[in-house]
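Trainee: After the structure tokens below, expect a handful of questions from me.
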Amino acid sequence: MHNGKADQVTNAVATGRLKTGQCERWGNMTKHYDTIVIGAGPGGLAAAYALNATQQVLVVEANLWGGTCPNAGCDPKKMLYGVVEAKRQGQRYAKSGLVGTAQVDWPALMTFKHSYTDRVPTGTVAGLTQAGIDHIHGQAHFVGTDMIQVDGTNYTAQQIIIATGATPTLPDIPGQTAFQTSTDFLNLAQLPAKIGFVGAGYVAIELANIAVEAGAEVHIFQHNERLLRGFPASYTEKLRQILQAKGIHFHMNTNLTALKEAGQQVIVTTDTLPALTLDAIFAAAGRRPQLDDLNLSDLGIATKPQGIVVNERLQTNVPTIYAIGDAVAKQVPKLTPVASLEGRYVAQVILGQTQAAITYPAIPHTVFAGPELAQVGVTLDAAKQAPEQYMIQEQVVGNWYTYHRIQDQTAEVTTIQDRTTGQLVGAVVLAINAEELINHFAALISKHEKPETLRDWMPIYPSVASDLGYFYSK
Ligand SMILES: Cc1cc2nc3c(=O)[nH]c(=O)nc-3n(C[C@H](O)[C@H](O)[C@H](O)COP(=O)(O)OP(=O)(O)OC[C@H]3O[C@@H](n4cnc5c(N)ncnc54)[C@H](O)[C@@H]3O)c2cc1C
Ligand SMILES: NC(=O)c1ccc[n+]([C@@H]2O[C@H](COP(=O)([O-])OP(=O)(O)OC[C@H]3O[C@@H](n4cnc5c(N)ncnc54)[C@H](O)[C@@H]3O)[C@@H](O)[C@H]2O)c1
């Protein structure tokens, strides 16, 4: 879809209104832009909007406009999560005067989800059109370091940004085609009675929690004994016990060896269990960068299994080609706010507004697992290894006002302070609405503040924010 900007460029060049060089290859049916963005997810869109004020920008999208997060990730997931959490909150209030048992109507829940997701692609296109950003639907691949091809048409640009995201990894076992993915789960018209997930990371834990709360029998197969690596083991073990009490079957240290389709069902064989017949099995064993068909190796662009190799300014080894978001090999978590920050940053680099290396604030992350497990900053493991540097405060907070009110007896918070400066440097929260508390901690950490700073702040009482008072009241 062109919004006509490139055509306006042609006219402008023909009438001498544009700088020369802005449309130099138009005569060869090659359209020229200042910057081309491949991929219209949170990363690519952030870059395109930031560049648009002063540049001719083209965005190319092969699938759904808006990318993974709003179509098949964060947003639809949390719509389902919100409803199953309301059901569970009802159970928690059973001893607090609420009577009756809520049930999840899966088809109605899906209709609710579609009420949001069905509008995302058209809304994204409308936004691009209104902003005057050219956009075309199709698979982009490089035909030169300054040129891509989409459906047989060439487009050149001074800079090209790769923002193609990631896609689920399917374990390489016989019967692999029987695997479904998180995208399939988030579009299930009916909830299958018995389902399995391979992996025990973010995707498996979040979707397993939704499925079990909605009434399915759920199995998680994990090849080692660690779920949610990256979060402290003491916390993940508590979360595992909570999820197990809800009915999730954890099969740890278990490798899937084969899948076999049997009518509408799948027979799952493993190296530890008798064969299990399930109605659906979902691959949640990680995501790989979506780089297929881009022809990166032809250009000599370096990649690793984790993604495209970039320098501290997010340039690939071809300096005019940048990479951002989930497509990049990096140390920071692959999350929507990270992709958006990188998109805005790379636009500043391209516009000559900064030459400084990218820096990230403290990046909070949360598993929406009923309760939520969230953390930010210095990890608990790192803090335990440097007791001379860090002070760790672990608190069971189920008796705090908020957690008593919402009947979350297992709520727990750990804070980590730097002994020398007194600044808050890390936090872990396992609680209902942990994301709210961790957001406040993330703000304190990013501003390098001491918890006492909160004395100067007056949040609404009672609220999650007012609970922060517990951290400086002692
Ligand atoms: C189930 C699930 C739940 C998640 N939940 C959260 C959450 O709660 N919070 C959070 O912060 N993150 C979450 N994430 C992660 C988040 O979705 C990603 O980090 C984010 O979408 C990355 O943005 P991106 O722009 O890098 O890539 P994407 O959003 O994946 O966008 C990339 C786009 O590029 C397109 N593309 C790929 N190749 C080409 C090509 N050759 N030509 C043209 N277009 C191409 C793709 O079709 C896609 O639309 C979740 C992910 C999943 C799968
Ligand atoms: N709430 C959020 O912010 C959120 C939610 C979902 C996804 N995400 C993003 O998406 C990414 C991908 O999520 P994910 O859960 O797919 O990946 P992940 O990397 O978080 O977890 C993958 C899991 O699969 C296991 N595994 C790997 N190979 C296996 C195999 N062959 N058999 C069994 N288990 C195997 C790993 O040990 C790990 O437990 C996350 O890292 C995160 O960046 C974020």
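Each Cβ is built from the backbone N, Cα and C atoms, and glycine gets one as well.
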Trainee: Among G123, G127, G286, which residue does TrEMBL annotate as binding NAD(+) at the site that also has G199, A200, G201, Y202, V203, A204, I205, E206?
Mentor: G286
Trainee: Quick one: TrEMBL says C74 makes a disulfide with which of C23, C69?
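Mentor: Answer per TrEMBL: C69.
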Trainee: To which of the recorded positions C69, C74, V203, I205 does the lowest count of other Cβ atoms within 10 Å belong?
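Mentor: Across C69, C74, V203, I205, these recorded positions, the one with fewest Cβ atoms within 10 Å is C74.
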Trainee: Hey, does DSSP put K78 (FAD binding site) in a helix, a strand, or just coil?
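Mentor: Helix, per DSSP.
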Trainee: Other than G199, A200, G201, Y202, V203, A204, I205, E206, G286, which residues of the chain come within 8 Å of the NAD(+) site, judged by Cβ distance to the Cβ centroid of those residues?
Mentor: F197, L207, L227, L228, A284, A285
Trainee: What is the interatomic distance between the Cα atoms of G199 (NAD(+) binding site) and K78 (FAD binding site), given in whole Å?
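Mentor: That comes out at 20 Å between the alpha carbons.
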